[in-house]
């Protein structure tokens, strides 16, 4: 005894490195990248449940650290250091004020926050989150303070409309169930284009006071699945998540919208079925709980190790906690532990998980956007939405004859400015600098007219954008006309003898002249007609002559003129295709991965898949058997045949006849 009194127990530091408090978003920050915010962790030690006195296996050192007996070495203790430690005599008020209350302010800034209660079964998680009427827990205290904050913000005269809504769900045996509407069944977890996690179909109840919250929350809490085990008479058999959404809408320009979410999560405790004696449905529930908590540990380890893939999708729990761990939320993890020695292994496991969790880094940011009505597109008249030719036809004869260019140009330019206003609202400052340089250059050359920068910025950008679009449209029309002229000239340059040897069904129109009408206003393409039968030869590639009539409407004449036009189409004989298919099948069965990569639409991955399938199942009976290879679909096989049969058939023949 004297030796032990003189020799102090050795202490092993466990997770002693602690960083500073998490930083919130800085309003005047220059960098657009969200600041880092570490997951803050707290440990709460519940009192003894039994009357029998026994020495505890956990002892608090100060407000941030504790020590646990080391079962491997009797004279050593394991020391843990966290952001906060609440001992046996700590109250619900101490836990709430010390860890949870500071993060509520972030919700009014449009940021997310999460509070998770973690620990083994019977450690007091539900008591910490819910409490009792005499000692309310985190959830009722947080809702009471949050509603009070919204009332204070509204009373200060800020130009924001604030609304609060709640949702309540549980994850029971990997099923997401709505506690506010138990008849809704299993819900799915989705992710939007911005990476936000959402649950379509989840009931949302607006609340304006704490009494309204109790009216919805208390009946829903009775829908949660609980059961009795040897270690806990009211053991939670599911993970419960209370989601509180705070929406703010600005009444004045620029009509911003902010959304902050608060996740209050009561996790089910991990269980040792040898000690709990679970059987039947309890055993199945315990397996689902332990599996989800195991995946939760894998997610924390992957985040700490910086792995490229984080296994969020391996369980419904981690999928829902994707924003809380490694996401954009201010997260608080409250680990609940028991002092009894029979919970020693569970306590060590919970403390180790908590120590790893405090190294997880989140990046909170403000969820702010413009309200939908502020982004509504400007509705243009029907004539503004039509093209130049259609707009001209849409006009009446009186409107077309009496309208002046000056009167029609002004509405068109105004509508173009309005339609492009939203697209150019966030123009790059570098573009403005280029415009300033352009104006100085025009001024030095003696340019006359209205200076470019005398107009407002947004209208100036709209004008420049409109001019660029018109120039591009003119260039496209010029290129299209050149292509049409070149096509007609190439058809006229065909050998007359070849034209005579080619039988045609369509007779040339007598009214069609050899010259090309320069101003083409409208072209109507008639259905194709086949004009040459397939040759009896079965070992060649043939050119089939195709023809169609085209109506040309002259800008000077109202009558339409029909013109016969010819073009050529390739047709391959069936025997040549059969030889190409045979060669392709031989290459698929005998060729190496390098030979397969020489084919069209076959890369390194597909070549390896084909070789592997061939080694397992033997040679292909036909080319269409590629559909049986995992990773190659029927459409891919069809495009593969089209791309390779023509090239293989052409390689076996010198050319068309």
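Every residue gets a Cβ built from N, Cα and C, even glycine.
According to Swiss-Prot, the feature ATP binding site maps to 119, 120, 121, 122, 123, 124, 125, 126.
Residues or ranges marked as SUMO2 cross-link in Swiss-Prot: 457.
Across the residues of the domain 'Kinesin motor' (38-360), the predicted structure has a mean pLDDT of 90. Per Swiss-Prot, domain 'Kinesin motor' is recorded for 38-360, and the stated evidence type is sequence analysis.
If you look up Swiss-Prot, you'll see 404 (among others) marked as phosphoserine, on the strength of similarity to another entry.
As annotated by Swiss-Prot, phosphoserine applies to 419 (among others).
The phosphoserine annotation in Swiss-Prot covers 444 (among others) and rests on similarity to another entry.
Among the features that Swiss-Prot reports, phosphoserine is placed at 537 (among others).
The feature phosphoserine is assigned by Swiss-Prot to 554 (among others), with similarity to another entry given as support.
In the three-state DSSP scheme, residue 573 (phosphoserine) falls into the coil class. Every protein chain considered, the tally of other Cβ atoms within 10 Å of the Cβ of residue 573 (phosphoserine) stands at 19. Summarising the annotation, Swiss-Prot assigns phosphoserine to 573 (among others) and lists similarity to another entry as the type of evidence.
Look at Swiss-Prot and you will find 1-33 (among others) tagged as region 'Disordered'.
Here Swiss-Prot flags 388-415 (among others) as region 'Disordered'.
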Surrounding CB atoms that lie within 10 Å of the CB of residue 126 (ATP binding site), all protein chains: 23
Listed binding-site residues (119, 120, 122, 124), ranked by Cβ neighbours within 10 Å, top entry: 119
C-alpha spacing of residue 124 (ATP binding site) relative to residue 573 (phosphoserine), in angstrom: 81
Number of other Cβ atoms within 10 Å of the Cβ of residue 125 (ATP binding site) across all protein chains: 27
121, 123 as binding-site residues, winner by CB count within 10 A: 123
Conformational class of residue 120 (ATP binding site) under the three-state DSSP mapping: strand
